[in-house]
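Under the heading transmembrane segment, TrEMBL lists A:34-51, A:71-88, A:100-118, A:134-152, A:173-190, A:196-213. Positions annotated as domain 'Ferric oxidoreductase' by TrEMBL: A:68-181.
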């Protein structure tokens, strides 16, 4: 972290930034994104609908909670895959990366809301005790808290205000959020499942891709 | 499942019973997969007849019983028990079975026998969780009880529930039910019972001994290292998503019956 950004920096701001005072005003709802938001949020909405109609089996709350968390992790992985995909000659999805990131944030937010309101019934002392005493919940909460400033600064105004360099540095925290999310998933299980191992491996691979692309570390250069 | 005759047994709770459909579809039975719905999806392939149970170790009358012979002298009773899973959920299930103590007295354990061990079937052909590269546990699944716990009148061997023989995913054809301990102690699809002198290593204890102890008594005061055990969600209670947590009771509410077994013991150390 902290090295000079290079032209091929992997956490560059979205390339479709409008110029200051330019005509088209770009909100966080970029072109084509509405459809992606609708599509991306549909599994969560559908699961919630099934839950309301008692279609989620014996422990509907747990299914809803897990489904929302899993989609948050999935969209983090998809977002992290955008640059590697382009580099290995795949399609360039950079214009959708912000949408993937925000979908991850929304799912994480819903996941936390379900945990706080439905699972723990707003029992503040139980929730605080959980966060302090349970490493997997501490780690999950860290992942969520990292996503908050990233979501807040995901619009064009904030990118301009922060400047590209600072924005990049801030948004590199998504690496930590993804790692924490994958770890949170593995730690909450009684045994490591194939699914949890798959996401951990995916995140590890995507983060390793970032390291390989970097210049060799030179302690004499600052 | 076929209908089973059973008289009403002691210790039954009058709390509302969990929906049968939930008890059949929400299971931990890793031999059929580690997802909650895997056992219901995969257990149909299990052959439960013929079935035999080998009983050995420190007993005067070791034997391998065909299930029918094991059941012949037993009087089946219905026992409506609370079941508390270590994961923080609970159910109320009308089991059909007979006291394990009856079987124990039949095989006449020697004076040196201090513990009873149990093993689940290993049959990868019919148990997909035991096949392939990714197996969560070391088979066979093993559990154990202290002899006095095993002989306690609350402890039963179950062969049915809800008036019928056990569905495969619930541990057919023969399983243990120890209602004051976390559910994983109530081992399913038993093929071997042995009497031993030393405290045996159980499957979950070997998997993560700091998380799952030999005793594993339901205890709201002693948290699992990764989650609280103070409360539980009763499956099917409330309306779906709005189910409220309820406080977990010491020994799952069976303290009057079993607390004496642990008099003077540090239950925090012996979790």
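Each residue, glycine too, has its Cβ placed from N, Cα and C.
Long-range neighbours of the transmembrane segment (A:71-88) within the same chain, counting only residues 6 or more positions beyond its ends whose Cβ lies under 8 Å from a Cβ of the stretch, are 10-11, 40, 43-44, 94, 96-97, 100-101, 103-105, 107-108, 111, 174-175, 177-178, 181-182, 185, 199, 202-203, 206-207, 209, 213. A Cβ distance under 8 Å defines the sequence-distant neighbours of the transmembrane segment (A:196-213), meaning residues of its chain 6+ beyond its ends; these are 8, 10, 73-74, 76-77, 80-81, 83-84, 87, 175, 178-179, 181-183, 185-186, 189.
Residues belonging to the domain 'Ferric oxidoreductase' (A:68-181) score a mean pLDDT of 95 in the model. Helix, strand and coil residue tallies for the domain 'Ferric oxidoreductase' (A:68-181), in that order: 98 helix, 0 strand, 16 coil [DSSP].
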